[in-house]
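Peer 1: According to Swiss-Prot, the record shows the following:
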- Cys43, Cys44, Cys108, Cys139: [4Fe-4S] cluster binding site (BINDING)
- 173-201: region 'Disordered' (REGION)
- 173-192: compositional bias 'Polar residues' (COMPBIAS)
Amino acid sequence: MTSIDFPLLNRRTQNSVISTTPNELSNWSRLSSLWPLLYGTSCCFIEFASLIGSRFDFDRYGLVPRSSPRQADLILTAGTVTMKMAPSLVRLYEQMPEPKYVIAMGACTITGGMFSTDSYSTVRGVDKLLPVDVYLPGCPPKPEAVIDAITKLRKKISREIYADRIRSHRTNRSFTTNHKFQVGRSSHTGNYDQGFLSKPPSISEIPPETFFKYKSQSSVSSHALVN
């Protein structure tokens, strides 16, 4: 028996034994096994899909795209989130097993983007719905930026404690600017109280005597008929 056959015999014990904690071991095992959920609502998802190709090859980071939320532990909200899509997004997040992580990808996801000023159906920030771990700005972000966000998430996972993460999600939430619209009861379905908008009355709302009175005259707007 020589040292060539058994090279570990000449090594010191401190180089052969690893001392760690259960939390560190759990975090280390999750670093290279982040399985993202294939979720996209806008053009940002095209940039994320390009990572699957051989040019960027995100398989080297251990990322395996999954089509089921029950098999995924990472979701990248790529694209605009609307009021009608919000309940489905929350349901997908709730179906993901713990521990789970969220990356807000793109300006439309983070603040509403170009739709944040005059859109009545866009969520101004996905952090109103989900606890976000990493914010990735851009319109849209490049694939290199997505890889950088995943790298930062891996660093965050390596030093986190699972119990503290669950506690922070229940107490601490970060919100963006509130909506400037009056939200009705069914806000998750995109129905807003739009009573302040001017709406011309229909012909059925005009009394018959008023309608026939102005029928022979020149064209009159519906507002004039009511008044």
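Using N, Cα and C of the backbone, Cβ positions are placed for all residues, glycine too.
Predicted, not measured: the structure shown is a model, and the values here were computed from it.
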Peer 1: Among the binding-site residues listed here, Cys43, Cys44, Cys108, Cys139, which has the most company in the form of other Cβ atoms within 10 Å of its Cβ?
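Peer 2: Selected residue: Cys108.
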Peer 1: List the residues in the vicinity of the [4Fe-4S] cluster site, defined as same-chain residues other than Cys43, Cys44, Cys108, Cys139 with C-beta within 8 angstroms of the site's C-beta centre.
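Peer 2: Close Cβ neighbours, site residues excluded: Ser42, Ala78, Gly79, Thr80, Met105, Gly106, Ala107, Thr109, Gly113, Gly138, Pro140.
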